[in-house]
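Annotated in TrEMBL:
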- A:17-38: transmembrane segment (TRANSMEM)
- A:67-86: transmembrane segment (TRANSMEM)
- A:98-117: transmembrane segment (TRANSMEM)
- A:137-156: transmembrane segment (TRANSMEM)
- A:186-207: transmembrane segment (TRANSMEM)
- A:219-240: transmembrane segment (TRANSMEM)
- A:260-277: transmembrane segment (TRANSMEM)
Amino acid sequence: MTVLFSIFSFLYQTGDAFAFLVLSACGLAIIFGMMGVINLAHGEFIMCGAYVCAAAARAGLPLPIAILAGALAAGFAGMVIERIIIRPLYDRPLDTIVATWGVSMVVTQGTLILLGSTMPGTGTPFGSFTVGPYSYSVYRVVLMVAALGTLGLLWVGFTKTRFGVLARATIQVPHIAQALGVNTGLVYSLTFGLGAALAGLAGGLYAPTMTLVPTMGSAFVVEAFVTVVVGGADIFLGTAPAALVLGAVKASLTSWQGQLAGQIGLLVAVIIVIRILPRGISGWILRERT
Amino acid sequence: MRSEILLNTVGLWSGYGGKPVLQGIDIDVREGEIVAVIGRNGVGKSTLMKSLIGLLPRDKGSIVFRGTAVDNVPAYKRARLGIGYVPQGRDVFPRLSVIENLMVGESISSKRATAEEIEKVFSYFPILKERRNQPAGTMSGGQQQQLAIGRVLMGKPSLILLDEPSEGIQPNIVQDIARIMVELNRTTGVTIVFVEQNIDMIRAMAQRCYVIDKGRITDKIMPETLEDRDAVRRYLAV
């Protein structure tokens, strides 16, 4: 029996790490994969989602609505920032790194000044359940389901809807999409907004589990970047499998030697993968296919 | 009775990064015509096409479509006005399937294309139906050219701009494409302006030709003129 308990524990921890990596990374992956913009303000969109979610929940809204409010707020902020700051820089991808880094600092410091060094959160809902000697959080299982649901919805959105087809066309040959009547500016704006909204969703979903501080985004950003770098530009062929592999590595090292070993293992895994597959997992799959 | 002028340019200058390629182009195209723009490599034929659809800004002069200057209208709005552009080298969306490529062409119209309209495109280009779920990037040049034309037809344009449709395509497919374009012109009345160096294609499609050289229109000829070898050498040889 104890073996089964251990297996369950490992699966739970892998699932937990997978959910965290997928939810942190998918907004970043969409903005990078679809638009080639490396968004260093990703963590601040996550923070925005978390803050709005916590504020809405404390104002009495049910948690799922509060989480969606966080996602929408971050998405709206993303569209505004795309219009004002990113759009003039589409021909200069390296400059978007500096610009979004600037946004990140302004937002972090601005939040610190306006809202103080911490924000009251909401408790983690649903309590816990036990399997064998260990106790597990129900809400973490909800997060795993949310991660899978997000991937599923994104897949449907990008492959089955008109917007998805136009967005992929715009990313592949932008000038021809434009010559065929696609308002590519609007597509970019919506895509950036979607990426920001997904970051906000991650923030909202994790808001009940964390301390809310202006720099909380950085807890997500490193792992989000690691996942996108390992995965490559494609969210389904890259981000999801990368999150699974890295999640398993992290979970096994964490349960064997603790949190620090998990983090170190994650970074070592990235170095190894990038040495073997410089274009990430999706780059490798796409090359194998052709 | 002469039909209305659909498209004309007045002293059009255009180019890349301040370097003028077109230096005062004047052409006019009437509704229902098939007009060829011919000339050697690098004289500005593709630049003209890109300027007409709006992918290149004009430096001077004007482009008039249906009596209205469209100089400041962005490319996607020109497409919605009814100008369909088939680029040189096809430029299909490589990782979209055939049917998805057609969907992008259809996005101009506010309502979705009916199955009937898609079938119509398939009836011109049956190979597209056969390969409907295949990624466009894996098809041959000729198949991609047919897809690029089908994609534009989905938007029901009144003017089609074709940039070197014969480039890199087998001769028998070139003839097929020429025949279908002439048939489309006859049955739907769509106006066609195309840039070409392939004499067979010019003679199979064009009703009249503009000769372009060093960014200017230097001559207007009838396609029959190209039966003469000296004329071919004068107008097309490198």
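Yeah, the Cβs are placed from backbone N, Cα and C, and that goes for glycine too.
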For the transmembrane segment (A:67-86), name the stretch out of A:17-38, A:137-156, A:186-207 with the most CB-CB pairs under 8 Å.
A:186-207
May I ask for the residues of the chain that lie six or more residues beyond the transmembrane segment (A:219-240) and have a Cβ under 8 Å from a Cβ within it?
20-22, 24-30, 32-33, 40, 42-43, 46, 151, 154-155, 158, 202-203, 206, 210, 246, 266-267, 269-270, 273-274, 277, 279-286
Close approaches to the transmembrane segment (A:186-207) from elsewhere in its chain (Cβ under 8 angstroms; 6 or more beyond its ends)
20, 23-24, 26-28, 30-31, 34-35, 37, 39, 42-43, 45-54, 57, 66-79, 81-83, 86-87, 90, 121-122, 143, 146, 150, 163, 166-167, 170, 177, 216-217, 220
